[in-house]
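Database features, via TrEMBL:
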type	residues	note
DOMAIN	A:1-101	domain 'SecD export protein N-terminal TM'
DOMAIN	A:226-284	domain 'Protein translocase subunit SecDF P1'
DOMAIN	A:303-432	domain 'SecDF P1 head subdomain'
DOMAIN	A:434-595	domain 'Protein export membrane protein SecD/SecF C-terminal'
TRANSMEM	A:454-475	transmembrane segment
TRANSMEM	A:482-500	transmembrane segment
TRANSMEM	A:506-528	transmembrane segment
TRANSMEM	A:549-571	transmembrane segment
TRANSMEM	A:577-601	transmembrane segment
C-alpha cells in the first residue's frame, strides 16, 4: 500500500528539475553594462566593432558585447568603467545614438540559451519613475474636425460650389447653403471624396449640411492620436537615455511610461509631460503692432508674444501644425556653417507649406509653441478639469525661397539654441495633448531597502513556519517543509519564466502563499492523525488522509483563486502583482503539498509494516 | 506535539447566541464608525501627492513645514515615517496648481540649500484616477462575493452559500471597521488585503462545511446541530493550526517588511483573526438558522422515488 507508480516519481523529478533550472538565474547577480541604441541608425556588427574599437582606443576595460533586440549591450568590469564608457561613447557616437547605463543579468550562457532569465523586478524594487498619462481624445477629435473643415472648404472651392459659411458646431461641421440644389451637389462631392464623414441635412434656420465623423473615423482618429503620442513619447524617452523603458497603451486613451533607474524626475517630467503643439503662421506685416496693442487687432490676425515678451502680430490662418512635422533635427548650415534646424513635414503639410511659401517669399514666418497646462478645479463640489493654453512665438524667420517637405531654419544664435528649437519642434509634434494623471517614483535607496526588507520578511516568516511544522508534525512536518521549499523555488521559477513583474505586494503574495501552502499539509496531516485515533492502521491512515483531504483542499483553493482572479481583473499594477504571485503560489502548492509530500512519504513509509507514525 | 490531544467536544453552536451578540456589537461599532467618520482614505483613492524624503540627520518637522510654507502648496501634511530622519509630505489636490508639478516644487523647496534630503519616493494620483480606483475596488469586492456565493451554492447548497457570505460580510465589515475606528489609512494594498481576507476566511469556512457534508452522510443519527458541532470539533485543530502559521508569516511581514507594507499586513492579521472566529461561530450557525437539514445535502435514494408509484 501507499506506493507511487514510477511515472509519478519521474514527473515530480522532471518538474523539480525544470523549476530549479529556471529559478537559477536569480542567484547570479548583475553586471554593470552600457547600452547603445538608435532610432535612426542601424545597430549592427559594424557598430559593435566601432564601439569596441573606441573603448579599446580609450583604454576602457570591458567584458563582452552582445547584439539583441536592436540594441548593443556592452558588459563592463565595474561601475567605474561603466561610467567612463558612457562618457567616451556619447562623445564618439554623436547624437544619433542613445547611450544609457544598464544592468545586464550575469546569467551564464547555457541558461540564457534555454531562455532562462531572472525575475523582472518592478519599479518599487529597482527604483525608477512610473507615469500614467492620459491622452485628451476630445482634443484629438476636435483637431480632426478642424482638418476636415479645411478639406471641405478646399473641396467646395475646387468644385466651384458656392456655400454661405462653414463652422464647427455642437453636433458636427455645419455648412450653410443658399438652396437645396447646391447642398445636394456639395453632399455628393463630399461623400465621394471624404469617406470618414457622415452627412445629414438640416433645414431649421437655413439650408444646412451637417457633417459628422463616422464612428469608424472617430475610432481611427483616437487610435492614431494614442499611437502618435506613444511614438513621440518613445522618441523623447530616448533623449533621456533610459535603458529598457516601458511605454504601453492602457485602456482606450491612457499610456503607461515606466523609466527604470531614472532619478531626475523633474527633467523626465519636463521632457515627457510637456503637452505641447506647434503652429507655423505667417507674420502680419501689413498692420502695426502698436495699433493692435491699443485694441485694434485686424480681423485676420491675432496678437502673440515672443518668449522674451515682445508683442508680434500673426495671421490667423495656420500653415502647418505640429502633428504634420515628421522630424526636426539640429545641425549646421552646409554653406555658412551657422547653427540650423532641419524640419521634415508629411505630405499634406508639405503641400500646404509649398503653396503658402510660394506666394510669400521674403516675408517672415513664425513658429508658435502652444503648451497645454491642465488644471483641476473644484466647482460646486465637483472636480472639473480645464486646459489652459499658453502660446508663445519661439522663432521668426524670413522665407528665402519656396519650400515644401524639407526646409531649414537658420539665423539661430548658437548650436545650443538650435538644439533647443529642434527639441521643442519635436516635442510639439504631438497629435493631442497628454496629461500626467498618476506618478509613482521610487528612489534607488528605497528600492534597495524594499528588496532587503521584503527578502528578510520572506526568510523570517519561512523559517518560523518551517520550525513550527517540524516541531508539530515531526517527520511529516519535515516532509511538508521540503515541499514548502520546493514550492518557493517553483513560484520563483514560474515568475522568471513568465517574466511577470515582481513588486513589493508581489513579495507579500509570496509570503502569504508560504503561510497558506502549509494549509494543505495541515489538512492532510490532521486527517491522518484523526484516522489513527479512530484505530486505523498507519498505512490505511496515510491513504485515507490524503484521499479525504483532497476535495477540501481543492474547494478551499478554488475559492481563493476566485478572489485572486477578481483582484487581477480589477486591480492595477501593484495589486495585479499580488494576485499573480498568490495564484501561482496556490497552483504550485497544490502540486507540492499533495503530490510532492505524498511521493516522499510513500518513498519513506510505503509498502512497509508500521506500528506507529511519527506525526 | 499536539495542541489539542484528542478530538474535542466543545459545544460551539450552543454558544452561538453569545457569539451573535459579540459579533452584532462589533459589527454595530464598525458600521457606526464607518458611517460617522468613514475611512481615512489614502492617496490612491483621494488623489494628491505624497513625497517621502530621507534626511542625512534627524530633522524637526517644524523645520520642514517652515520650508514648505512659502511654496503656495496649500494643504500640506508633514509627518515622520518610521525614523526621525524620514519625512512624509502629503499635498492635497488643489485648484490652480498643476498637480504633476507639486512633487518637483516640494523637492526644490527642500533642497534649496545644502544638506537637503534625498528623494525616496513620490506618488501622485490624479483625482480622476483615484475616483476610478475607489469605484473599481468596491466593484471588485462585490464581484468576489458574488463569484464565491455562486461557487459555494454550486458545490454545497444555497443556505451554506448564504452562511459563508454572511461570515465574509462580517469579516470585511469588522476589518474595515477596525481601520475606521483606529483611523488607520486605507490604501490600495489594504484593499488587496481585505480581498485576500475574503479568500482566506472562506477557506476556513469551506473546510468546516466540507466536514459537515461528510458527517451528514456518515452520522445517520444526530440532529443538524449535533452534526455541525461534531464537524467543527473535528476540524478545529486544523483551523487553529493554519491560522497560526499564516499569522506567524504575517507578523514577520508586519515587523520586518518595512513601513510600506504595514497597512497590508495589519489588515490581514485582523482579517484572519476575525475570519477564523467567524468560520467557527458565524458561518455554520447562520446556515443552521436558515434551516439546513440532512436531506439538503444527502442525495435522496433511488428507491424512495420508486415508492411513489401506486
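From the backbone N, Cα and C atoms, a Cβ is placed for every residue, glycine too.
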Closest-packing stretch to the transmembrane segment (A:506-528), where packing means Cβ pairs under 8 Å, from A:454-475, A:482-500, A:577-601: A:577-601
The transmembrane segment (A:482-500) versus listed stretches A:454-475, A:549-571, A:577-601: most Cβ pairs under 8 Å: A:577-601
Same-chain residue ranges lying at least 6 outside the transmembrane segment (A:577-601) that approach it to Cβ under 8 Å: 2, 4, 8-9, 12, 15, 122, 476, 479-480, 482-484, 486-487, 490-491, 494-495, 500-503, 505-510, 512-514, 516-518, 520-521, 524, 542, 546, 550, 553-554, 557, 560-561, 564-565, 567-568, 571
Beyond the flanks of the transmembrane segment (A:454-475) by 6 or more, those residues with Cβ under 8 Å of it: 125, 481, 484-485, 488, 504, 507-508, 510-511, 514-515, 518, 521, 525, 604, 614-615
Residues in the domain 'SecD export protein N-terminal TM' (A:1-101) grouped by DSSP into helix, strand and remaining coil: 51 helix, 25 strand, 25 coil
Local confidence of the domain 'SecDF P1 head subdomain' (A:303-432) - pLDDT mean: 77
